[in-house]
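Sharing the record's features from TrEMBL:
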type: SITE; residues: CYS166; note: site 'Transition state stabilizer'
type: ACT_SITE; residues: ASP246; note: active site, proton donor
Amino acid sequence: MSLQSIKYSAGKLEILDQLLLPVQSKYVAVKGVEDGWKVINKMQVRGAPAIAIVGCLSLAVEIFPETYESKKTLRQEIEGKLNYLVSARPTAVNMKIAADELISLANELTKDESVNVEEMKQKFLDITEAMLQKDISDNKAIGANGAKAVLESAAKDGPVRVLTHCNTGSLATAGYGTALGVVRKLHELKKLEHVYCTETRPYNQGARLTAYELVHDKLPATLVLDSMVAALLRAKNVAAVVVGADRVAANGDTANKIGTYQIAVVAKHHGVPFFVAAPLTSIDLQIPSGDHIIIEERPDREMTHVGEHRIAAPGINCWNPAFDVTPASLITGIITERGVFKPQQLKEEISALLDL
Ligand code: MRU
């Protein structure tokens, strides 16, 4: 049984509460946009693709039982609620891209006189529901492209050791995962000697979620602390680092989970290729560089406490950015469902591919 972070059927949405993992496996109902905003903001569901899918599906379940007096009313509902969902977390771009696409679809359908209000609603539901399957097939393609790129870049033949950060697997997506999809594909090809995952303080996506997925899938894996990466790359003959992305700027600068940047610096020092694996919906060609990415800062409590237990001295100030930006110069390749791109050629090649 593969892990499922999102369960959806027409009019019904549930998410696996990631605040409770790995101790408890419990699904919570998302009954509409207000619930959707809250589960994203509280990080009961997290990971850039999963945020976008849950956000859009929360709107789908809200409009499913409703009838609308006009297409204009439905369009206003779609636009207002999607823009609200974008505000739940600012760094990952996937929700914003999905919102913009759905709003422009709603605008087109409002103008199209051959479509009535019920058909417009159904079209919105169909396209939103299709996000689940598309995300899984994109992840499978990312896995295949990424495994090939990692093996080509490795200085040796045969199974490789890789390092990953944060959680980019089934729990962060509709299934299979992005960077963890690359790891899964290497394993399927019998080319994974070992995967190391970082604990990823302070939310511990690595220790709680990635480790959970790796144990669940019986992959050869070891957990390391964030502070061990330099020692690991020196000692363990790691062939490549593969991480996910929350937003890739047009020049290839990449925002991802806090700690990614220092891993990239250490990888460069050790001559270890550093790959970013992400769907095209994580690429934001609207911003020229990582300087334009808003970095979410989260409550001090995530640093000062582990669960209910205080670990930091009372009264100490905290700085808790949830993401950092890795400069393009440290990135070997950006693995997408449509191929692997050098950061420097990203804008040109993706624009050509998408006919922009
Ligand atoms: O704060 P999170 O847990 O939402 O951050 C997740 C990450 O940074 C992931 O690496 C990224 O979203 C890619 S998930 C496929």
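Including glycine, each Cβ sits where the backbone N, Cα and C put it.
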Around CYS166 (site 'Transition state stabilizer'), how many other CB atoms lie within 10 A of its CB?
29
Using Cα coordinates, what distance in whole Å links ASP246 (active site, proton donor) and CYS166 (site 'Transition state stabilizer')?
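Approximately 11 Å lies between the Cα of ASP246 (active site, proton donor) and that of CYS166 (site 'Transition state stabilizer').
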If you draw a 10 Å sphere on the Cβ of ASP246 (active site, proton donor), how many other Cβ atoms land inside?
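I count 29 other Cβ atoms within 10 Å of it.
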